[in-house]
Structures are given as C-alpha cells and as structure tokens.
Amino acid sequence: MSSPTPPPSWYSLATALVTVVAVAIAIIPIYCPPTADPWYLPILVAGPCVATITFLDLRLYTFMCLATVTSTWMGLGVGMLIHFIFDVASGGKYNRLWAALLLCPYTFLSSLGMPAAKSKLGRFTLSALVSAFSYVPVGFYAADAYTEAWVTGLAVTFGAVVPWVVLLIFKTLGLIPSPGLPMTKRLPFAAADFFDLLTGYFICARDHNNAIQAQADDFNEVCHAAAKQKIPARLSAVFWNMAGELFSLKDCLLTQELEPGIIAYVWKPLAADFSVLRSEVGIVLRKTARGVPEEADRDLNGRIASCEQLMVDVISDVSRKAVEGSISPLSSTAVVQFYSAVGSILYIAGLTEKYRLAAVAQKEEEERERQEKRDKILSPRAFFDLPSSIWKGIVAWIKKPFFYDIKEKSDILRRFIFPLRFSLTLFAIAFSMIVWGMHSENVRLHGFWAVIPVYVSFLPTAGASLLKGTRRICGTLLGGIAAVICILANPGNKAAFFCEMILVVFLGRLSQFDCRVGYAGYVFSLTWFIVGFGSILVSETQEAMLYNALWRFVFQTCGVLITSFSSCFIFPEFAADKLDRASARMLGAVSDKLVSTLDSFYHQAKALVGNDGCSDDDEAPPPPMSDDREEFGVEGFQSMAERASLLDDAKMETIVFGKILLVHDVTRRVLENQKLFNQVLRDGLVLYSSLVMSAKHLHDPLASQTLSPLLGSIRELSKAIKTSADRIVSCLYDSGSTPGMLEHLPDDVHVKLQECAYNFGAFREEWIEDVMTGGNRLQGMRGTNAVRLYHTVYALAMFAERWNTLESRLHNRNAPVELVDAQPQQQQQQQPEPAQRALMVLRSRSNIVQQ
C-alpha cells in the first residue's frame, strides 16, 4: 500500500507562477518587435520556449542559464563556421547536403557530453543543444544563414536570461518559497518518523503492516535521494548504520506476532522506560534536524544504561519464575525476536546520540568555513585572484579523465552507445528534412521542428522510451491539438493567445511536478508554442495560419514518433541489461569488501589463537583490516537508488520484449528478486560493521579462543562467497549472450554456503547453552567482547543464509534434502532457556553503542 498522491505544494504552484511571469516577459519582443519589418518573429518563439524551463533554485538556474547560452552559441558558431567553409570552398554555390554530412562526426563528438556517456564534456555544456542548433545555419534557414543564426542565438539568450532576472528580483524581495529541508535535515526527520511508527506499533506491528510498509517506502525514498547527494562524511557514517538498523527493526517486528506471555511478563515491566526513551530519541532527532543539535542533549547514554539495567533485572526475574514454575515457558523463538527488537531500539538510540554529536561538530566546521570564505571575499586581493582561480579550474578540468565513474573496462565501450544512437537519429532526421526541403518550401521553413523532438524526447533505454516516451508523445499530441483549437477559436488574436498562453504554461509547468506526467508537461507547452504561437505571428488568413500550424504539428509529431521508435528498436539499449550489470556490481562490491574483511579477521584470530590447524592453505596474510563503513554504506545506498531507477523501465521491457525472447530468464529472476538483493546488501553492511568492531577486541585471549572452532567455517565462507560472487557476476554480465548458464552451475558452493550457515547457527546455540548451564567458556571475558563476538556470529549466520537464498533463486534450484533435514533436527536437540538466550541477544544489540 502506498501513500496517496499529495496535492500540489505551494512550491510547485510558485514555480508555475514564476514561469508564467518569465514567459510573459520573454514574449514582449514578439508583441513589440524592435524593427519595422519583423520577418524574424517566428524565430523569436525560441525565447519563450526556453523560458518555460524555469525553476526556483537561483544558484542552480544560474549554472543552467550559463550552460544553455554557452551551448546554444557553441552549436550556432560551429554551424556558421561550417557554412562559411563550404560557401568559400564552393565559390558561393553553397550545398546544404555536403555541409550537413560534415556535421555528422561533429554531432557524435558533441553527443559524448550527454549524461548517459558520463564524460567531462557534459560538465559545462548541454550537448543536446550543441548538437541540434548547429544544423540551423547549415540547413534550416530561409534566406540568410548568418542573420537567422544570430537572431536564434539572441532569442535563446533572452529566453534564458529573463527567468534569471525574475528569480533574482523575487529572491531579493523574499518572494521565493523554500523548496524544503536540505538532505542533512530530511534524513533525521525521516528517521524519527520511521522510528516513532515502529516503536508505536511495537506489540502489534503485523496488524499495521500496510502503514509500516508505506512508511518504510517513504524512508527508503529519502535514503535513495540522499545517496545521490554528497552528505558530510561524519554524518553519513552514522546515518547509514542507523538506516540499516531501522530496516532490521522493521523486519524483526513483522516476522511474527508477539506471544501474550512475552507482552505480560517481559514487555509490561519495560514499557514505561522504553516509552520515555522513544520520546527522547524523537526529540533529539527532530531538534538536530531543525539545526540546533547543541540544544538536543537529552542524556541518551544515561537512559540507555538505565534501560539495559532494567532489562537485566527483568530477565533475571523471568528466569527465576520459569525455574520455579510460576509462569509458563516462553517460546525461545519469540523471546529472541522480542529482545532482538528491543536491542535494536537501544542501538538506534545510541546511534542517535552519535548523530547529534556529529551534527554539532559539522555545524561548527561549516560556520568556520563560512567565516573564512567571507573573509576571503572581502579581501582586497579577491578581484585579482579571480583570473587565477578560473585558470586553475580550467587546468583541473583538463587533467580529469575523459570518462568518469568507470565500473569496468566494458563500461568504456557502452559509453559510446547512447551518443552514437542520438547522433545518428539526429543526423538522419535533419538530413532527411534538408533533402526534402530542397524540393519543398514548406519543409524548408518548418522542417527544423522535426529535429527539436530529438533532444527533448530521445531517451537512453528502450524501457524509458516505452514509458516516458509514450507520455511525451501524448504531450505532443495534446499540445498540438490545443494549439489548433486556439487558432480556430481566435485566429490572429494575439491578446487572446496571450491569455491562453498563461493557462497553457501554468498547466504545463505545474503538471511536471506530477511523476505520472513529468517532462511531458514541458513537451505540451513546447508543442503549443511551436504549433500555435509560431503560426499567428505573420499576418495571414485563417486558412494559411491553420495550414502552417498543421505543417508544424505534423513535423513535431513525426519527430517524436521517429525518435521514440529509434530509441526502442535501432541499436536499443535495455534497462533490464543495465539492471543486471548494476546488480552484478553490487554483489561484486559486497563480495570484495566482505571477503577481504573475513580473510583479515580469520588471519588475525588465527595468529592470536596460534592454531595452525584451522586451515590447510598457505596463502600470505592479507593487509590489515580497514574501516570503510562510511564509504561502503554510501555505495550501498547509491546502488539501491540506481537499481530502483531502472525497475519500472526494466519491467516494461520484460512485458513488451520478453515475448520475443529479448529478455532472458536470468534477467527476469534478477528483476523479481531486487528486494532480496537489497536485503543481501543490508546484511552485508551489518556483517562488515560487526567484523570491523569485533576485530578490535580479538586480543582478549578468551575471545579468540572462543572463536577458534569457527575459524575454519569463516575461512570456508570467505572462499564460498568469493567463488559464488565471481560466478554470479560473470553470468549476469554475459546473460544476454548465454541464456540459461546460471542453471548449469555446480552445487558445491551452494552446499558450502548452507554448511557455513548451519555451523554458525549451531555454534550460537552451543554458546548460549554453555552460558545457561553455568559453563566457563565465557567466564572472565569482558562483557563487551562477548557481546560483540555474539553479534558477529549472528551476523555471519544471517548473511550466509541470505546470500544462499539469493543464489538459490538466481540459480532456480532448491536446497539439498540432507541439509534441509539436518537443521530442524539440530534445532530440536538444542533449545536453550529463553531468558538466558534473550540476555545474550540483547547484549549483542545494545551494548555495542557504547563504543
């Protein structure tokens, strides 16, 4: 169940109103031309078309305005240069076809700046404009290429600058509303809301499953949005751990209903103190989100210690009553589930305090940096240092690699696919219109409008074209129909068209804030201007106006249809393939990080134990373990955000192209198990964090001796994860060329993973059994060390089981019967006393926050 669609916000309404103001001002040169013979009026339509792309972030729009103006003049300049070269070389007999042919390689080069190519060319230009506008002075001019190119450039510049001036005035007057909280404030607010809901429904979570899932989806969206932005390291290092723990608490509460005995004997004595703790955590998070973390000190560490002591007392009391027989025995599974959830609450509370302290430090640092920047700006040398700063920026840009964010070598070749498709489509449409225009005056005058849809509707994947492209086709059709209706209703009436323009721009801009419409709202307004407004600017009869409007409408619509068809069927790139590769990269990253950490943990523990019989390999010890939790967490949630952005497009491709076998079975299974991929990633983050923290305490002799029986399984798990990940990653990258190859992989790694998960679970049961029977295995070990080691064993078992489940689903196979039967038998043999087991689980989750 998802949250209902919210009504338009004041920010979206204000954006639409400011856009209307900017477009109305951009239309002034059209209504009041500066010369007596305004032959250029149809060209000036480019101004208000550009002004419709207005948004209220002045800083961001400033960069957008500079990029638009620069890109337009670059494209027009290249076009005029090519026109001049061919004009001189041909002795004044200019040929549009040969000039357009020369533009083909240039179009491909400029297309390398498209966002899909991820090159440094896209850092300062809008490659679509650079590519498209170069065709104006080459092939799409009526009489004088240079004059018309200059008029086009001035119109676009005016249309880009007017919104900037309007925004500056509104900003100065304080009329620009806030777009909302920055991400560093949205995160704690979202975490507080999610935590409040989970703890509020603590004993009846399954009865409110829809509400919890909806809140989890909202929190997940915030996390995905945060992963796309740069969050200060000290804040993100804490928050990603908090986010993982919140999802873990959600999963724990929804596992099963709490037993009545748990509520009566265990929860009620704790409810008052934990309710206060819940309230204090919410206060700290929300005050921190409001920017006053220094005022949010609620002594959470003291309250956590108080709750822990109360937990110990309750456990002792429950244990005593169970021995006396005064209460009925509680289910071991239910007790562990309950205390795991309570331990998560304590852990989140500890992380909340850490986040507050990090926010205090970050606020002080930002204030210091602002003061230093202010002093630098007010310095007498600030003006003289400006050229040097610009030169340093240019040198730094030159030194950057051409492509950024390269995941693997094959990525380099894939970066050329979208620019190639875009440039070929643009060239094919432009060249066709130029050839046709040599034989038709109407095509020569209106043919460029078939080129415009290429840079507003060409999308990177087939799935995006099927979804978003279809919406843009609808926007084109609706805009054209609306323009024709306006011409029929008010032929040549510019005042009526001005009023209609206000309505069209407002509705088109406002509709863009609805995710179901999106960019199609801009296409609607753009088509209305091209078809309607451009047709009434020359004094003609109603029939002539309608005739011109229909020509523009036909070219605009055909351009959109051809662009969408090309994106889907000519050298198509599938979002499903991108999803496969993104999933493979995620599994590879989790594997690399955990394998190296498991190996380091194994060799460190082995050296302290002095037991050479743990493994028979003679490999050299890996480098010391590094703490990359912040980087790992950011990369993990970035992977979630990337894969989430591909899901809808991949689903559409599966529906449409799956019937003709262009989407293979392994891709379907990757698509169906994306939730499990995210769970594997989160469990990997938990295990990595646990290993890093436990490794610091292995010098306790009893701690390393306790883990000695598990060292062999840890080593085997590392090898199994490495082998499994290598095979899965290789198969996901090659699934398109070798369908079905995952099903033919051997079962040895699958069996080894199950054995490791079983060994970790059995060891955990033995450990608890030793504690409850008064054994001396943990006697003398520092309490924190015992807590961390138990948490590590628990995380090892959970991750091994989750990875094994994912591998089984991707391979489309079931577990061997002997292992399925073995685990229930083992669980029946070892049933530790619930209260003692709960104490171990509680400690494994709560005391960890003290470090």
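Glycine is treated like the rest: Cβ placed from N, Cα and C.
Annotation source TrEMBL lists transmembrane segment at 12-32, 38-56, 63-86, 98-117, 124-143, 149-170, 416-436, 448-466, 473-489, 519-538, 550-571. According to TrEMBL, the feature region 'Disordered' maps to 612-631.
Counting Cβ pairs closer than 8 Å and at least 6 residues apart in sequence, the transmembrane segment (38-56) and the transmembrane segment (149-170) reach three or more and so form a contact.
Among 12-32, 63-86, 149-170, 416-436, 416-436 has the largest number of CB pairs under 8 A with the transmembrane segment (448-466).
Under 8 Å from some Cβ of the transmembrane segment (416-436) lie the Cβ atoms of residues 96-97, 100-101, 103-104, 107-108, 110-112, 114, 116-117, 128, 131-132, 135, 139-140, 443, 447-448, 450-451, 454-455, 458, 460, 555, 559, 562-563, 566-567, 570-571, 573, all in the same chain and six or more residues away from its ends.
Highest Cβ contact count with the transmembrane segment (124-143) among the listed stretches 12-32, 63-86, 149-170, 550-571 falls to 63-86 (criterion: pairs under 8 Å).
Most Cβ pairs under 8 Å with the transmembrane segment (12-32) belong to 149-170, among the candidate stretches 63-86, 149-170, 550-571.
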